[in-house]
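S.K.: After the structure tokens below, expect a handful of questions from me.
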Amino acid sequence: MLDNAEELSMDTPYGAPSDTITLGGIGGRRLAFIPRHGKKHNIAPHKINYRANIWALQKLGVSRVVAPSAVGSLREELAPGRFVVPSQFLDFTRTREGSFSEDGRVIHISVAEPFCPELRTVLLDAAGDAHDGGTYACIEGPRFSTRAESALFRAAGADIIGMTMVPECQLSREAQMCYASVSTVTDYDAWAEKAVTAKEVLATLADNVERTKALLAKLIPTIPRDRKCTCADALAEAEF
């Protein structure tokens, strides 16, 4: 998918990223790709070294993060195979390192609007029929929800459910990088009559891999070279 692709191994103050980083180009634009679960999908969501991944991208000069993900649907109208570009998240994670605050540094980052509006707009234009907006409930994983939990998430206003957006999104904001996500619905969560299985998720993902690649190939050349959002100044009012 990438022109002139090369693999780069990096170390960070937080340990190693999930895997080697692929550097390459699409449509004349340079980019870096980190498979958050590892190339062999051998890292569980709660074990991903999110800080190392985001630190590495920032060190490489990345200014924007487009994050594909697989999600379950909490709404009947968001059927499997649908793209969703969420606008909010709910954090139900418990054990993850969610900030670069350390060694006396305290970052009170604002995530009132957690996704870059400029990047979301370009992503929606490229995606065409993607669902615009919605709340992503991020759970700890790797297990799926109970029916009671799924009902709770629906009652709380969540529209989709996944395991990786938090703390990836807020770390990107602390790193002053734009962040937007395109989520592929793979299943209806446990609230539906038939409970989700890993086999079902993988089958739907496999059916949509090429669609996601095509979307990224269309999107990346259209991203403005200069940022007009405020993401690059996210720390200005976040520290005392």
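Quick reminder: no glycine exception, Cβ is built from N, Cα and C everywhere.
Dumping what Swiss-Prot says about this protein:
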type	residues	note
BINDING	R36, H37, S69, A70, T164	phosphate binding site
BINDING	M163, D187, Y188, D189	substrate binding site
SITE	S145	site 'Important for substrate specificity'
SITE	A198	site 'Important for substrate specificity'
S.K.: Compare all C-alpha positions of M163, D187, Y188, D189, the record's substrate binders, and send over the largest distance in angstrom.
M.R.: 15
S.K.: Return only the integer: C-alpha distance in Å from A70 (phosphate binding site) to M163 (substrate binding site).
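M.R.: Just about 9 Å between their Cα atoms.
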S.K.: Around M163 (substrate binding site), which residues of its chain at least 6 apart sit with Cβ under 8 Å of its Cβ?
M.R.: P45, H46, C138, I139, E140, G141, P142
S.K.: Could you check which of the recorded positions (D187, D189, A198) sits closest to H37 (phosphate binding site), going Cα to Cα?
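M.R.: Nearest by Cα distance to H37 (phosphate binding site): A198.
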S.K.: Of all the binding-site residues given, namely S69, T164, D187, which is spatially nearest to S145 (site 'Important for substrate specificity') at the Cα level?
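M.R.: Among S69, T164, D187, D187.
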S.K.: Whose Cβ lies within 8 Å of the mean position of the Cβ atoms of R36, H37, S69, A70, T164, the phosphate site, other than those residues?
M.R.: P45, A67, P68, G162, M163
S.K.: Using Cα-Cα distances with a 10 Å cut-off, which of the recorded positions D187, Y188, D189, A198 are near R36 (phosphate binding site)?
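M.R.: Near R36 (phosphate binding site) by Cα: none of them.
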S.K.: Among the binding-site residues S69, T164, point out the residue whose Cβ has the most other Cβ atoms within 10 Å, with all shown protein chains included in the count.
M.R.: T164
S.K.: Return only the integer: C-alpha distance in Å from S69 (phosphate binding site) to Y188 (substrate binding site).
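M.R.: Here the two Cα atoms lie 15 Å apart.
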S.K.: Let me know how many other Cβ atoms fall within 10 Å of the Cβ of D189 (substrate binding site).
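M.R.: Excluding its own Cβ, the number within 10 Å is 26.
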S.K.: Tell me, by DSSP, whether A198 (site 'Important for substrate specificity') is helix, strand or coil?
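M.R.: Its secondary structure by DSSP: helix.
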